[in-house]
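The annotation domain 'Tetrahydrofolate dehydrogenase/cyclohydrolase catalytic' is assigned in TrEMBL to 75-190. Taken from TrEMBL, the feature domain 'Tetrahydrofolate dehydrogenase/cyclohydrolase NAD(P)-binding' covers 211-359.
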């Protein structure tokens, strides 16, 4: 069963490493990247096109599901992410030619959640496309915590691995904090190590890595020519993965940030005061059109499968935002899918490349 599940993640060749986990590996010889983030400039933007103007192909006229014209422009996260990934691949190729090495990413997956399998498969494919070596170690749902920690420790000491990612969420019987604390700081490409998060929160300090999804959200705003400095921003959700770090990043860009959560009174009234709304609440269609200030920019992090027999897979994805309503009010909006998701993977590759460049003293 473990071997079969691993084949769902990726078509690359795998081998059993013990009775409790399955490891797959991948590296690409066809390496086809842009300069990686360097602090503190990484908190501003990758060194790619100077700006994504509203006339760019990355922002397209938005239509509702009924093909009715709307006032919003769609921020095409896939197009922006593809440009970033292309530049990353160029950097990887140059690294291989110069030092004979490529970046390496290890992913640890526990269980066989459908969404986690999809995310890991997409990450492995992105690594292959960029020429980045990838390893996937999968444990059964009921694995022991010591087995996961042992795998992490092994990757910590592997000089060919520059980034380690633990696919979240973990089963409830595992201590997420204890497991993440085992990661070496310099390999925490997901950016969730307490020291990375602490440095992100403190003025005058910079983390080695910024969490991938929040970093991708900021990139989308910048490359869509959305002004952040001096603007009112509302973040809906306060998770360690998205809500908290995106609020910290927005503050670093000099926005005035308000966090809305489950205990916030009158959330729709607070959201209507925002120039920028980032939703990471985990509630489908929570944010309606009447929650938004006309002309606000909306970044929707939520993804939820909804049964739809007309779709090839039998389902379609929706976000935290009621897209059909919001797109008539907002000035710019990310779709689901095709908005934040592709950027998360691009930022993971960016962080992994950054780690390898530090390891090999490569510029």
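These residue numbers are counts, starting from 1, taken along the chain as shown.
A Cβ is built for glycine as well, from the same backbone N, Cα and C atoms used for every other residue.
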Number of helical, extended and coil residues in the domain 'Tetrahydrofolate dehydrogenase/cyclohydrolase NAD(P)-binding' (211-359), per DSSP: 54 helix, 30 strand, 65 coil
Segment confidence, the domain 'Tetrahydrofolate dehydrogenase/cyclohydrolase NAD(P)-binding' (211-359), expressed as mean pLDDT: 96
